[in-house]
Protein chains: 2
Amino acid sequence: MSEITLGRFFFERLHQLQVDTVFGLPGDFNLSLLDKIYEIDGMRWAGNANELNAGYAADGYARVNPNGLAALVSTFGVGELSLTNAIAGSYSEHVGIINLVGVPSCSAQAKQLLLHHTLGNGDFTVFHRMFKNISQTTAFIADINSAPGEIDRCIRDAYIYQRPVYIGLPSNLVDMKIPKSLLDNKIDLSLHPNDPESQEEVIATTEKLISEAKDPIILVDACAIRHQCKKEVAELIEATQFPVFTTPMGKSSVDESNPRFGGVYVGSLSRPDVKEAVENADLILSVGALLSDFNTGSFSYAYKTRNVVEFHSDYTKIRQATFPGVQMKEALQALLKTVKSAIDPKYVPAPVPQQKLINSPAPPSTPLTQEYLWTKVSSWFQEGDIIITETGTSAFGIVQSRFPKNSIGISQVLWGSIGYTTGATCGAAMAAQEIDPKKRVILFIGDGSLQLTVQEISTMCKWECNNTYLFVLNNDGYTIERLIHGEKAQYNDIQPWNNLQLLPLFNAKDYETKRVATVGELNDLFANKAFAIPDKIRMVEVMLPVMDAPSNLVAQAKLSEKVNAEQ
Amino acid sequence: MSEITLGRFFFERLHQLQVDTVFGLPGDFNLSLLDKIYEIDGMRWAGNANELNAGYAADGYARVNPNGLAALVSTFGVGELSLTNAIAGSYSEHVGIINLVGVPSCSAQAKQLLLHHTLGNGDFTVFHRMFKNISQTTAFIADINSAPGEIDRCIRDAYIYQRPVYIGLPSNLVDMKIPKSLLDNKIDLSLHPNDPESQEEVIATTEKLISEAKDPIILVDACAIRHQCKKEVAELIEATQFPVFTTPMGKSSVDESNPRFGGVYVGSLSRPDVKEAVENADLILSVGALLSDFNTGSFSYAYKTRNVVEFHSDYTKIRQATFPGVQMKEALQALLKTVKSAIDPKYVPAPVPQQKLINSPAPPSTPLTQEYLWTKVSSWFQEGDIIITETGTSAFGIVQSRFPKNSIGISQVLWGSIGYTTGATCGAAMAAQEIDPKKRVILFIGDGSLQLTVQEISTMCKWECNNTYLFVLNNDGYTIERLIHGEKAQYNDIQPWNNLQLLPLFNAKDYETKRVATVGELNDLFANKAFAIPDKIRMVEVMLPVMDAPSNLVAQAKLSEKVNAEQ
């Protein structure tokens, strides 16, 4: 009987799911495991600059990967603990991460040896216990017989729930043999079917509400993307012709060039015409909602209707009635079969708000502003772009830009960890390389946030991610925090860096750097056809005034300070 | 009655303990708190480049601070979780850290708002629960009345146990007022007195063993440093004239220029003469032992004597008898009163092993080796130096060098987190600035480790830490791991950087960079008197062969791979 090592089995399972890049750092409890990656054609070990960045990179990769999955390998204690922030972020934002940790051998654990990378108290389960708080499920593998099943169970849960899973793998098990035939049965990724009676009731009630609605709309949020319902959403828009809106986290869930797209709804921070269109609707079909403060303008939703149908990954809610287990993917597919006939034949598709996407003319020497940048950039985006925005002025600014067809938007609106996007860009760029080398990956990050995770640009240089555009918004410190509290406070200042020296320092092979400070310079850059072709790593430093910010951020900051001070 | 804010109270408490630099990053749940630092003369907010680095910096600061303490402020979720690795390291290595986290207001918690920086499930205690695993004690403050007492309790425990403590402080409490008079009673830092009867028995038994010993020695380890027993140890050497040895973690616990200093004992990895002297002793007075694998040559201690007296911070052990609660500081002080009279009058102080500290002559063009470097560097060290060595070739190499008087050695031998020392150097340099601006802070770090935490050099530039020497050992990747497993493996390679461009990139004000690759270049550098004066930030890139390593590391690596593979 043909056999393979357990280590190879793990990576073969990833390979079957098109997870072909593995993120992380080597460490003495995972070295033998890493050898196995190189046995599989088409797989690669990213070798990140540090673990937190590796975690962010995995999160970015998963958001681009066709199965919404990514894998991480780290080492016991010192490696894995540096991942907690990234893993909690993936948990919070529903991203499927397979987080494998190389742990000491079973015998070292049994003897409670006072090994390095431990707390010195013989407790080998403490880090696993910590990760249970931020993982969908975990496995701390202790013997070879249960290992393949445990690995499969964790990978399946990462996919189904789109959340991180934790696997602790002792170093002595990775070279043990198991039957190769275990690979023949692919991991079952099918969702549990919805209960037919519950689903029937959901469809019937929803269609009744649709048939009675005068001003129905569709509102799409993050979980529609994570749980891979973009196709169903597109078909729903096509079938109903209802106006469609997204939340900030739901941006890129729908084709924004579709004439039925009305804009981004953020409660009281929305554009007035968007706010009016959403809040005056008499029926809202909500798909994949994740109603956090930054996603809702600090909970300032003000629907006038009580007719809301919420489709979630694990339940459906219609007005006040909850239907546990009625999952959105299957429910939407069922609804699509009959929804057309439910619409009142006299329904005339309502006009949708139109956004002005052209800047007022300004002399070329006019200093750049956030307002100008976020409007202008819409015209430079191309079909298929991956657009990544850091928490701060970028994540708020991007809300007012328009995304092209088939784009992917990445922003950590709920978890909001500063520095996330440099890592995420590395992961997204490596995923894009696997899908289409012509796909562009475009990062917008502030000069303050860049400092937290800057060394991941080195990993992009190593892998020649010539598909990346790194726009560094230099506004001299933490502008988002200056808006919340402490405009002039020293704690919101940063040490200024010569950012354009980064790519040569990291030994980038093909690269280009630019600095733009005026309207004219930005217009020239975006008019330059060579610049638009993704054939080198590019960094553009965008000089902006310290207190300049998108208007929705200014309003959000005021709401945030109030919440923080409330007793 | 005069009142102060709770936020100011916290920082005044730190100031009373000479904790005058606070490490961390701003975040929206701690901004109002940070305002209060600037109200106190002589205090400063470090403003680190990221949280993990801030945690490492706090650890380095605490190891230099007169009370062995440091303070950190981070923000809920995204900030604090990036600290877990650093805090676990401080826990493992017995370092006193006051880890304060700014958390959402009490009312936001009570309403279970779906705030950013949460897991999106309304659970506000999850991160606190995670930190309980790696903290001596914790407080999640919920009202103003108990807050001052809880803060004092945590600070006291950080000092007494020399371990991290966690304080969660809601944003709405920091501006509330409490009586200023609370500051008049200083925090009681006195140790609980030892039980007199137990201590008497310890002293009597120890003195009996001393009186019978022919070849007694003293062996000093890390906890002697952490629990501030260096003075007692020095007096014990003076009074007894017994040969004294340290472990790797105990390096700098004793004056190595003392003629009674015999060297560093690391079990089977020791120099043969040191091994013989320690293992043939008929009595070992062991102070502050922390017997981890890297500290003991993978547990290869081979004492021939059963006469070991172990002084620990919370108990004493004589042969097989444990005396709980007999703490070393008081016990050593008691022993010192009478120990001289216990020594056999015929005892002749045994000769101690002598180490060769001069390199064999070599032509100036000879390529540098680790062996040459670690011997040569002893002659360049000066009294009072703080010498920091990264896990890897540096932490092993430094064992064979000799430290000057009043030096402080910093190395994370037990926790061993790669990248630790760049952060620790920032913290140690800021602590040194507060003690004596002429004190030099000297880092040895590999090119691989440097990449994990490089941005903390920017913080050193911001604070003009012109007392720092950054020796970057460029051996093209993770040499320590190549020795354990995968000499040619791609996962042990790194992206090469132009390291000497770092200081200008970070806008260092006064700086100097050098590259040395030969024996002659190193000798010239160390002969240059101007170079020895700490008046600018310096980086020296030391070019070394890929597989060149200190001999004790080569031996340790073989033992490590064996332990990892054992079933």
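Each residue, glycine too, has its Cβ placed from N, Cα and C.
Sequence-distant contacts of A:GLU481 (pyruvate 1 binding site), defined as residues of its own chain at least six apart whose C-beta falls under 8 angstroms from its C-beta, comprise A:ASN492. According to TrEMBL, the feature pyruvate 1 binding site maps to A:ASP28, A:HIS117, A:GLU481.
According to TrEMBL, the feature pyruvate 2 binding site maps to A:TYR159. For A:TYR159 (pyruvate 2 binding site), other Cβ atoms within 10 Å of its Cβ number 21. Taken residue by residue with DSSP, A:TYR159 (pyruvate 2 binding site) is part of a helix.
Long-range Cβ proximity for A:GLY477 (Mg(2+) binding site), meaning a same-chain Cβ under 8 A and a gap of 6 or more residues, is found for A:ASP447, A:GLY448, A:ASN492, A:ASP493, A:ILE494, A:VAL546. Here TrEMBL flags A:ASP447, A:ASN475, A:GLY477 as Mg(2+) binding site.
What TrEMBL lists as domain 'Thiamine pyrophosphate enzyme N-terminal TPP-binding' is A:5-110.
Mean pLDDT for the domain 'Thiamine pyrophosphate enzyme central' (A:207-336) in this predicted model: 93. Annotation comment: TrEMBL describes A:207-336 as domain 'Thiamine pyrophosphate enzyme central'.
Annotation source TrEMBL lists domain 'Thiamine pyrophosphate enzyme TPP-binding' at A:410-505.
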Binding-site residues, contacting chain B; criterion Cβ under 8 Å; candidates A:TYR159, A:ASP447, A:ASN475, A:GLY477: none
Cβ neighbour count within 10 Å of A:ASN475 (Mg(2+) binding site): 22
Which of A:ASP28, A:ASP447, the listed binding-site residues, has fewest other Cβ atoms within 10 Å: A:ASP447
Distance, A:ASN475 (Mg(2+) binding site) to A:HIS117 (pyruvate 1 binding site) (CA atoms, angstrom): 40
Distance [Cα-Cα, Å, rounded] between A:ASN475 (Mg(2+) binding site) and A:TYR159 (pyruvate 2 binding site): 39
Pairwise CA distance, A:TYR159 (pyruvate 2 binding site) versus A:ASP28 (pyruvate 1 binding site), rounded so that it is a whole Å: 29
Three-state secondary structure, A:ASP447 (Mg(2+) binding site) (per DSSP): helix
8 Å Cβ shell about A:ASP447, A:ASN475, A:GLY477 centroid, Mg(2+) site members excluded: A:GLY446, A:GLY448, A:LEU473, A:ASN474, A:ASP476, A:TYR478, A:THR479, A:ILE494, A:LEU544, A:VAL546
